[in-house]
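What follows is a single structure, written as structure tokens, with notes after it.
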Amino acid sequence: MGAWRVYPAVAAGSFRRYATYRAATAAGVFTNTVFGLILVYTYLALWEARPGLGGYDQAQAVTYVWLGQALLAMLAVQGGGFESELMERIRTGEIAVDLYRPVDPQWWWLAHDMGRAVFQLLGRGVVPFLFGALFFPAALPGEAAVWGAFLVSLLLAMLVSFAIRYLFALSVFWLLDSQGVAQAVMVTGVFCSGMTLPLNAFPGGLGEVVRALPWAAQLQVPADVLMGETAAPAAYLFQAAWAVALLAAGRLVQSAATRRVVVQGG
Amino acid sequence: MRWPSRAAEGVRAYRLIAGMWIRSTMTYRASFALTVCGNLVLTGLDFVAILLMFSQVDALGGWTLPEVALLYGLSVTAFGIAHLAFGSMASLGGRVRDGSFDTLLVRPAPVLAQVAADRFALRRLGRAVQGAGVLGWALVAVDVDWTVAKVLLLPVTLLCGAVIFGSLFVAGGAFQFLAQDAAEVQNAFTYGGTTLLQYPPSVFGRDLVRGVTFVLPLAFVNWVPAAHLLGRPYPLGLPDGAAFATPLVALVCAVPAGAVWRAGLRSYRSTGS
């Protein structure tokens with residue numbers, strides 16, 4: 001089978017695998033909606049005390065919350081995507097079998113994660129977002145072109161999200177402990193993506209740092225594209241630059257890992 | 001078997017199983033120390049978010065930073081204790097699905113104790129420690145007219161808060177007999193509950209506050225006692241002594257949770273595979 005058929009097949013298989021657990025998906029939708037509700041009220045209070053914080057009005061802050069809940073599972077901000085499986089395979093030594101396969105590991109796992117991400121967006125993202133748009137003030141664009149630009153930005157966000165977690169996962173080749181790495185994925189993901197507070201609203205120098213880090217490409221940048229806070233070309237440039245840099249770094253680390261590291265369990 | 005000896009047996013089984021898991025964890029001491037630290041940082045992120053908010057404003061919903069820190073400290077410490085003791089119940093659905101729950105039923109020890117102590121993770125102590133740290137700072141920083149009653153209210157509140165959250169974990173465990181894959185729903189109440197309580201009640205819609213006070217009485221974990229400590233009127237105009245009804249509320253949570261657990265256990269059908 002050629003590469004142009006293998007990777008789409010992997011992605012489709014991954015999509016179907018996540019689509020199998022319907023009750024779990026419904027439960028996730030419910031939980032995301034409840035957390036969205038809690039966050040919305042706290043943001044409304046915050047933006048009432050400080051109108052225009054981070055350049056957002058109240059409707060934009062609320063939209064940001066629902067977007068965050070919609071993308072949380074898709075971008076695996078807290079982890080739980082392909083990387084937990086890959087780390088486990090490295091830890092147990094099963095990775096040795098994977099390395100014999102006539103496929104490229106990075107492309108394989110990328111396809112795997114894309115299938116998952118697309119399902120999570122449709123299955124877990126859409127409903128909380130619609131709920132929020134229906135029952136709370138929302139700042140959504142009218143033109144289809146902006147939505148199109150937003151979708152492109154989402155695709156780039158998926159690539160950056162994958163590239164970050166791929167690097168974290170490969171570190172297990174040296175660290176041999178997946179629990180601590182999973183925690184690091186979660187801490188950096190939640191904080192630096194702006195899941196707790198929009199990065200635009202971070203104060204001073206800290207704000208400037210987090211807005212330049214790759215995690216900003218996950219939630220903050222797509223949100224700003226959707227709400228017209230940033231021009232699409234500049235946003236794409238930022239996201240694509242991080243995606244290319246991190247994917248290239250992933251390549252380098254991958255070749256170092258497969259050449260120098262003795263696989264566990266031998 | 002009579003109730004007291006049954007409960008004593010449960011506590012004994014819990015101690016033995018938890019002790020075994022602690023010994024197993026302590027084989028890898030460095031890894032344990034790191035995961036405790038990781039847990040501390042992870043659960044501390046919520047408070048960092050609050051600090052970031054207060055770097056932009058002086059008050060949230062009319063509450064100052066030390067007052068919100070008091071809410072946070074009470075909520076997270078109580079949740080941390082309950083999570084340490086009953087957090088393992090969240091993985092019950094997995095045991096039901098793969099059939100390994102059956103082995104717990106044939107062992108001569110109360111099932112609830114076995115499930116609660118299953119894979120007992122001492123690292124979850126990180127959350128309670130972090131919450132207690134914030135609580136300590138808040139108690140120094142807030143402006144309270146301390147009386148004997150108010151001082152006594154503090155440990156009672158923490159203990160009862162842990163019982164209220166513990167009841168949620170037990171009821172959530174029972175729910176998994178029914179839901180299996182949908183186990184995540186309980187997170188909306190447990191993790192969602194402790195997150196909600198980190199912010200002042202004045203921030204939320206009146207109906208939400210009403211529901212959290214009278215239907216699922218999470219408000220007694222911290223909102224009601226903190227309002228009494230700080231001398232702030234509670235949004236729903238509860239009588240002033242309401243804070244001292246907290247033990248009663250904890251009992252009202254624990255008894256139905258126990259009943260729901262027994263009903264769930266009776267309804268269990270093995271996967272048979």
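Heads up, the Cβ atoms here are built off N, Cα and C, so glycines get one too.
TrEMBL entries are annotated by machine, without manual review.
Feature annotations, reproduced from TrEMBL:
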type	residues	note
TRANSMEM	A:21-44	transmembrane segment
TRANSMEM	A:64-82	transmembrane segment
TRANSMEM	A:121-140	transmembrane segment
TRANSMEM	A:146-168	transmembrane segment
TRANSMEM	A:180-199	transmembrane segment
TRANSMEM	A:234-253	transmembrane segment
Using Cβ atoms only, state whether the transmembrane segment (A:21-44) and the transmembrane segment (A:234-253) have three or more pairs under 8 Å that are 6 or more apart in sequence.
no
Using a cut-off of under 8 Å between C-beta atoms, tell me which stretch among A:64-82, A:121-140, A:146-168, A:234-253 contacts the transmembrane segment (A:180-199) the most.
A:64-82
Winner by Cβ pairs under 8 Å against the transmembrane segment (A:146-168), considering only A:64-82, A:121-140, A:234-253:
A:234-253
Cβ under 8 Å to the transmembrane segment (A:121-140), counting only same-chain residues 6 or more beyond its ends: which ones?
18-19, 25, 28-29, 32-33, 36, 40, 57-60, 62-63, 65-67, 69-74, 154, 226-227
